[in-house]
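K.L.:
Pulled from TrEMBL, these are the listed features:
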type: REPEAT; residues: 10-40; note: repeat 'WD'
type: REPEAT; residues: 102-133; note: repeat 'WD'
type: REPEAT; residues: 141-173; note: repeat 'WD'
type: REPEAT; residues: 182-213; note: repeat 'WD'
type: REPEAT; residues: 222-253; note: repeat 'WD'
type: DOMAIN; residues: 365-468; note: domain 'PFU'
type: DOMAIN; residues: 518-809; note: domain 'PUL'
Amino acid sequence: MTPFQLRAELPGHEEDVRCVAWSPLGILTGSRDKTVRIWKENDSYQFSCESVLVGHTGYVTALVYVAPGASRWYPEGAVISGSRDTFLIAWSLSTFSPLHHLKGHKYQISSVVLLSDGQVASASLDSTIRIWQGEQNVRTLEGHEGAVLCLAALPGDGARLLSGSGDKTIRIWAEGRCAGVFTGHTDTVRGLAVVSDLGVISASHDQTLRLWSFAGETLAELVGHTALVYSAAAHAPTGLIASASEDNTARLWRGDGSCLQSLPHPRCVWDTDFLPNGDLITACADHFVRIWTPAPEMAAAADVIEAYNASMAAEASAGAGGQADGGGQSAYGGMMEDAEVLVRPGTKDGQTKIIKEHGTAVAYTWDQGRGEWEKIGEVMGSAGASGGGDTMAVGNRLHAGQQWDFVFDVDIDPNQPPLKLACNRGDNPYDVADRFMEQENLPITYRQQIVDFVLANTAGALAMPAPASMNVDPFTGAAAYQPSATHGHRAPAASDGPNVDPFTGSTAMARGQARQLRHCPQRNYLIMDSLPKADALANKVRQFNELVKQGTDIQSLVLSEEELPTSGALDGLIARSAQSAAAGASTSGRLPAGASLSQQDLALLARLLRWPAPQLFPALDIARLAILEEQAAAALASTAGPLLLSPQGDIGAALATAFGDPPVPANLKVGLQLACNTFRHAPLRAWVASNQPALLDAFAPACTSPLKPVRLALATFLLNLSNLLYSSRPKATEAGVKAQALSALSELLSSCTTDDAEALFRVLVAAGTLVMEDQEAKSIAKQLSILDDASKHALGGRGREALADLQVLLK
């Protein structure tokens, strides 16, 4: 085979190019910038952008061209694009305006193909395949146990279809039924392409491609990529197969499994396709589309090659952290080995290897007990270490594979060696204590002692959390009531139960893994317990009571003259709700005997929770405080129903009203705070568990809220939910909740700004917790590009640490 070389670079997209497809119109590309572009070839073998199709509200993930006459539902042809926004758009070939939107999928579209009978098939992270006739969804194919990530239309009659999934299988469908299952891949099946009359090629997160017969027999395994393989394409005239991978290469193969050539790219290669003449198209995360050709006369001009080489050099330098020299060598002077050696077990406990990673020397040690190589840390400039030896030179204060400002020896047990306690300047001492107790499996009773120890030994270098301050209503004056601030939150005590205690129980992580991860998994439920000004809250309820009296026919909702006076029933409810919040912040989580909310209090609260949406948020705030006390939580859980509008006055109905259309901003904030506090006690946690999909659906509009407090409250709810899911180890049938939660986290991540440091931290910890020990969730997180979105934020402190955790978990 004549080697391929760069033919052209197509600049224009503003973000990653996620999908490419050839068509007679030209090259079709879809991007994270939410556009579809059409590139036309000119007489000099180059391409220029002819059209930009704008209409999606999420990034474009899938494309297919429908030729005129190929489908009776599109007699004049169409371009069909799928997106993260959950719908497809069919675009006119004459005007490039939308013909119609295809709506029905719950989550991101992952693939779209044209079937042999002219119908269109689409796949989604919602684990379904939908068949469309025009804009009509005529059939939904179900059977995969994970997200469906790729499709391939089979030739011939019967509109047969192949699908690949996060459940590691490929399914063949005929007449709407599953006609067979192909098994062999050990991880997510991400890409599919038909290879002439031979069979089908699949790309997988297990870093391989497989060539299958149409009967499901493995004909060849294509091995060579060193990271996830995202896409595959085939060219019938030449018999070539192409693949796109996270290892920053596209590769060309023969069907017998031999790799003919690797085409390096500056960043991840998302997709690939062939031109009719056999040239290759690649879609890259550096925002470029590239064309590669074996024809010397079509090779790129010198300035294009120079620009490509400069991009490669820049990315290589960035990947090495500025430590690589011109030859790609680390500042470390010893011999380094390739990462492949870590596939083989070590020969003894503590054996060390120095591995080359992106031009940097990284030390790994063999943990005999766990049977795996543990990453220790980056090796600093030294010529004394060797690739197979047991010595290394690392920076000062290295512990558990990281550099720290402080590392202390702590004697917990005089009969055991001292434990290592590590922290950095600016750390919250309570976070330090929590992390240390989790690492060493210590009881929570040590917490305050550890906090006192680190404060005494770091000379003021750690940051004590600032006390919560009272809100000031910007519309009604200083200290007037408004829905409470989102910064008033805390982690409950260990008495909350086994799902909350981060230091005991069967869900504790192995010590080796805990040393690698600083914040994941999340083991505490965070609550919103800041107290509003009682008299301002009562006055707001009285003000709204007049509006309710004028605007409703249900007079039982209106508070009576006997309930409104100072020290009356309303003030009593608010006072006892505040006492409930205080009890929720205590170790026991219980009020003194006789101080719980009475039946009369709960009945009054139920009436307030039935108020119309514009006047609802004070009632939500009272409920938010009340449920922090155990008995009140149990009482409200006993009446809580689904998130449906109803006259019952329960939490479910109130949240349904709060998140109705049009939304009231104050309702969004306080409603989410209320939802966060439902995790405090077991009865309402059970209610959350039974209503997870409905809650996520209801809260979806908050993902793109322009209000910072709403974003933080939603991030906190999703963090609590991730803890619940991790602790309960959901069955495969509940895996869709994780996909839904990850999708919400991805949307929220895109909406956050540089001012959202705490929300960003919680989003990343939630994502890390959701993907732990769950390959399908990892696959979905990668498909959603959560790491890429997070990397665009200027993260500091704990945010950087949470991002590092997520990077480890998504390897």
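Backbone N, Cα and C atoms are what each Cβ position is placed from, and that goes for glycine too.
Show me how these features fit into the shown structure, please.
P.N.:
Same-chain residues lying 6 or more positions outside the repeat 'WD' (10-40) and placing a CB less than 8 Å from one of its CB atoms are 47-54, 56-65, 67, 79, 81, 83, 91, 93, 96, 268, 270-276, 281-291, 785, 788.
A mean pLDDT of 93 is what the model gives for the repeat 'WD' (102-133).
Counting residues 6+ beyond its ends, the repeat 'WD' (141-173) has Cβ neighbours under 8 Å at 107, 110-117, 119, 121-131, 179-183, 185-194, 200, 202-204, 212, 214, 216, 732, 735, 739, 775-776, 779-780, 783 in the same chain.
Same-chain neighbours of the repeat 'WD' (222-253): 1, 4, 190-196, 201-205, 207-211, 259-274, 278, 280, 282-283, 292, 315, 339, 782, counting only residues six or more beyond its ends whose CB sits under 8 Å from a CB of the stretch.
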K.L.:
So what's near the repeat 'WD' (102-133) in sequence-distant terms, Cβ-Cβ under 8 Å and 6+ beyond its ends?
P.N.:
58, 61-66, 70-74, 80-90, 139-142, 144-161, 163, 165, 173, 176, 736, 739-740, 743, 780, 783-784
K.L.:
In the repeat 'WD' (222-253), how many residues does DSSP call helix, how many strand, and how many coil?
P.N.:
0 helix, 20 strand, 12 coil
K.L.:
Would you mind splitting the repeat 'WD' (141-173) into helix, strand and coil residue counts from DSSP?
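P.N.:
The composition, in the requested order, is 0 helix, 16 strand, 17 coil.
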K.L.:
Using DSSP, break the repeat 'WD' (10-40) down into helix, strand and coil residues and give each count.
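P.N.:
Within the repeat 'WD' (10-40) the tally stands at 0 helix, 20 strand, 11 coil.
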